[in-house]
Amino acid sequence: MSASSQMEYKDIPKRYIDPSAPKDVGEGSRVNGKDWKIKKDAFRVKTLGVKKLSTWEHREQKKLEQQQYKTRLQDLKQEKEDAKNQRISDLKRRREIKAEKERYEKMALKMHAKKVDRMRKREKRNKMLKER
């Protein structure tokens, strides 16, 4: 199937019909020297640039799309899970701070304020040493 086979005679460019028609400047002369011959298109459809995917290429394309879809879905799930874990850890940290504050307030009722401050500093020091 040539590109000009579907056209009407008047629509076909002259270079395909008339051998004496002037050539394009960039086209140059033929290698075999037969410049009087008519220019023709490729006979096979594959060489015209129209490409039909084979079943293997089609499967590979689908597999690639499916893989990209799965990775994107997994990334979204991971982001959601990370956000959830972050909220939980923030909540735990706030609860720990609140519990520690209440404990020091209870101690302050029983003891002198300076002694509570000393105990707080000592506990912070021990906590820092333990975390190392």
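From the backbone N, Cα and C atoms, a Cβ is placed for every residue, glycine too.
What you are looking at is a predicted structure, and each value in this text was computed from that prediction instead of being measured.
Database features, via Swiss-Prot:
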type: REGION; residues: 1-32; note: region 'Disordered'
type: COMPBIAS; residues: 8-17; note: compositional bias 'Basic and acidic residues'
type: COILED; residues: 57-115; note: coiled coil
type: REGION; residues: 75-94; note: region 'Disordered'
type: COMPBIAS; residues: 113-125; note: compositional bias 'Basic residues'
type: REGION; residues: 113-132; note: region 'Disordered'
Key: Within the region 'Disordered' (1-32), residues counted as helix, strand or coil by DSSP   = 7 helix, 0 strand, 25 coil
Note = Taking every residue in the coiled coil (57-115), the average pLDDT works out to 92
Within the region 'Disordered' (75-94), residues counted as helix, strand or coil by DSSP = 20 helix, 0 strand, 0 coil
